[in-house]
Amino acid sequence: MAPANTLSAWSDLQSHHSKVGKTFVLKDAFKSDPERFSKFARTFTLPADISSDSPNATDILFDFSKNLVTEETLDKLVRLAEEAGVEKKRDAMFAGEKINFTEDRAVYHVALRNVSNQEMKVDGVDVMNTKGGVNEVLQHMKEFSEQVRSGEWKGYTGKKLTNIINIGIGGSDLGPVMVTEALKHYGAKDMTLRFVSNVDGTHIAEALAASDPETTLFLIASKTFTTAETITNANTAKSWFLEKTGGQGDITKHFVALSTNEAEVTKFGIDAKNMFGFESWVGGRYSVWSAIGLSVALYVGYENFHKFLAGAHAMDNHFRTAPLKENIPVLGGILSVWYSNFYNAQTHLIAPFDQYLHRFPAYLQQLSMESNGKSITSDGSAAKYTTGPIVFGEPCTNAQHSFFQLVHQGTKLIPADFILAAKSHNPISNNLHQKMLASNYLAQAEALMVGKTAEEVRAEGNVPEHLVPHKVFLGNRPTTSILVGGHIGPAELGALIVYYEHLTFTEGAIWDINSFDQWGVELGKVLAKKILKEIDEPGAGSGHDASTGGLLGAFKKYADF
């Protein structure tokens, strides 16, 4: 496809922004159009059979009305998506075509949550029902998770395994961490879950210090089983286990692999029957739906894991079939492009008003920034426009007492997403906490929109004139409010994640970049291997710049290995 800035819709949007966007005032738009909310809000409904509030369905309301757009703006943004081939690229992904063009791979994580079991093929092979395919792996996960949870699968001394340590990094860590935290309400009360990702020895040391080898199960999550950080931590865990058990511990009962490299897995000592595989068309940041989600199934139970997949599948179907103007992830994506490329916004705030979602911004950070942190378009030329935004966030109301100052009164435009569930899993104090949370969720979006003028500050009385400008809020700051109509359960969480997945897809499709590779993580890893050897050799290494050489020498001096 053509670079985004060569499309006629792009030029049209530039003119439109100059004429309308620069002078658009949100609060005036609401005053002039009482129907603005209904015109710009969209509702996604989860079926009752997977809803956390079954037998009732769950609505998820996406309010786009507090964004800096008119109906004309939205039409022009939809036309940009059409010209950029978003629908064609979407259909190619769902058809198993190799849209990851730099690695010649399909992008088929949607198959992992294909709970309706529609036929899905890559290179003519049905990935759902082939040997080692999606359904076989899911069945293996179901059987294993139920055996561990029931106590049928025991440790080497016959005790139930209640301490789960997942060792992985990147997508093999961020997804499971986020999901198990988000679904903590559904977690097994007799189970402790720990995640080790960092090669910093502190991470594995602290996890092991709090563990009993007789009741600990290790999940080693690495597709290739060669990821440096993961295998280093896995070997440390193995040594600890054998030392603590006096060499009597049975590795096959306490270690399983989420991997496809049988040779390395069995060499490590894990029984090949305890391998849970996934294909090359599963990118790391999309792998929580795969065998990498085994920790989720163990913690919340396979039935809830299946609902998690089903909620994701429901949003997949919406994205695949809804017209662009009614397509909720597409709307989120084109709004992101609008702010990034026409308002020069560099960041995007994710603020969940839900403590269980405290790792959601970090998860979305990887999803967005690893996908769209690219500067080269499909023809190999440099993009002549901004691509992926910097995604950040923290749960509210905590965030209101840290960086919200900058969001309200800083010099940068920061589009924000606010997320709230109407019902709390912990409705304590007669729902007082939930009411306070909701009031802040509503108030922050309103405050960012309406602001406060100098006249309004003066009208409050007793404000010295020299303080008036400091108490002014410019307002006109855009937000998208997402309201889950019930609790955030497995299906609701699945749908929310997939909303952001396909929003990210839409951005990348418009920017004409490959959202599915991650070459940017490679260079540092290559250099680290060289430097690791040099740390054990005399001198300050070779071939480095003066700064790196100087730092290496200083480190070796101070570390005194």
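Even glycines carry a Cβ here, placed using N, Cα and C.
Per Swiss-Prot, the feature active site, proton donor maps to GLU370. As annotated by Swiss-Prot, active site applies to HIS401, LYS525, with the evidence given as similarity to another entry. Annotation source Swiss-Prot lists D-glucose 6-phosphate binding site at GLY171, SER172, SER222, LYS223, THR224, PHE225, THR226, THR227, GLN366, GLU370, HIS401, LYS525, citing similarity to another entry.
On the structure: features taken from Swiss-Prot.
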residue	record	Cβ within 10 Å
GLY171	D-glucose 6-phosphate binding site	24
SER222	D-glucose 6-phosphate binding site	27
THR224	D-glucose 6-phosphate binding site	11
THR226	D-glucose 6-phosphate binding site	11
GLN366	D-glucose 6-phosphate binding site	19
GLU370	active site, proton donor	23
HIS401	active site	10
LYS525	active site	11
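As a whole number, the greatest separation of Cα atoms within the D-glucose 6-phosphate-binding residue list GLY171, SER172, SER222, LYS223, THR224, PHE225, THR226, THR227, GLN366, GLU370, HIS401, LYS525 is 43 Å. According to DSSP, SER222 (D-glucose 6-phosphate binding site) is assigned to coil rather than to any helix or strand.
Ranking the binding-site residues GLY171, SER222, THR224 by Cα distance from the residue listed as 'active site, proton donor' puts GLY171 first.
Each residue contributes its Cα atom, and for LYS525 (active site) and SER222 (D-glucose 6-phosphate binding site) these two points are 16 Å apart.
Note: the Cα of GLY171 (D-glucose 6-phosphate binding site) and the Cα of HIS401 (active site) are spaced 30 Å from each other.
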